[in-house]
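As recorded in Swiss-Prot, the features of this protein are as follows:
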SIGNAL    1-32  signal peptide
MOD_RES   Gln33  pyrrolidone carboxylic acid
ACT_SITE  Glu128  active site, proton donor
ACT_SITE  Glu273  active site, nucleophile
CARBOHYD  Asn361  N-linked glycosylation site
Amino acid sequence: MSTSDKHNTPQMAAITLLGLLLVASTIEIAGAQSIGVCYGMLGNNLPNHWEVIQLYKSRNIGRLRLYDPNHGALQALKGSNIEVMLGLPNSDVKHIASGMEHARWWVQKNVKDFWPDVKIKYIAVGNEISPVTGTSYLTSFLTPAMVNIYKAIGEAGLGNNIKVSTSVDMTLIGNSYPPSQGSFRNDARWFTDPIVGFLRDTRAPLLVNIYPYFSYSGNPGQISLPYSLFTAPNVVVQDGSRQYRNLFDAMLDSVYAALERSGGASVGIVVSESGWPSAGAFGATYDNAATYLRNLIQHAKEGSPRKPGPIETYIFAMFDENNKNPELEKHFGLFSPNKQPKYNLNFGVSGGVWDSSVETNATASLISEM
């Protein structure tokens, strides 16, 4: 080895180490980017919008769901590079369905006025509208509202940037066991089939709220806690060649099967809500919530037996919201209203915060020895 090679050895080691650290960080962060967090605002003690968006950024949370086009939040999101699922609330669905002029106005005021400074990725038209719940009065308006918003987005020149969909829950699934036999309820097919057709034709994903907690708490005699928390040591459900060790995958794949049976085999799924309450009802404990959330973040990188690969997933919710009811709805937050984390979660960063000082100090130490 030449003299110059000897002198360059520490420097090369530092550069090599820095490169490895950056690659490791990039891999971890890339995996974590499957995860977003829902920003609910039903609390009287929550931080202001600017503080909230700074919290998202500091915790490396790269995706956010808004339930309505709150202009304060949208202003705070400008330049943040956070991808946004923007909600068109149920209260606006009938109005938007009634005419294109209303859809154009909504898109102009809530989308185009903020684009491209705010990275809006989806418009979620309505949340959990269903013919079998208290929102049944809106069912006939949902697909027309989606169509009008889609057309308005296209007219605004954003059709290649923003997908239009709706967020549904599991009440629309008639059969979910085994997952391969998943299907939409027969008495709801008149409602779901047009939605599936719209999503297929526009190449947009279905947004699905998936909560193993509610399945477990409603039927603890047949659904085990480990199966619900991603901690089952063995296969719980054998479905042909597919093996299920957690309820989240089983629920997700039952929706994929339902889509396929409805002519939507090409339609993807984004998990628009999932979480676990830390108090307020049976099974709602701090330990259970921490376990579920930690495992969900990890599992979102991997995919389900039917659809391997990262699952775009939004955790519900950013904060505990004290104006929600019933009691357990107040306890889904990742953070307390004072911005203190309730759990030690990793969004691709150390302890929930990407602490680059570890890499910087390690590199500086090597360079100082040159």
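Placed from the backbone N, Cα and C atoms, the Cβ positions cover glycine too.
Because the structure is a prediction, the values reported are computed rather than measured.
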Surrounding CB atoms that lie within 10 Å of the CB of Glu128 (active site, proton donor), all protein chains: 18
C-alpha spacing of the residue listed as 'active site, nucleophile' relative to Glu128 (active site, proton donor), in angstrom: 11
CB contacts for Glu273 (active site, nucleophile) [other CB atoms within 10 A, all chains]: 22
Per DSSP, three-state class assigned to Glu128 (active site, proton donor): coil
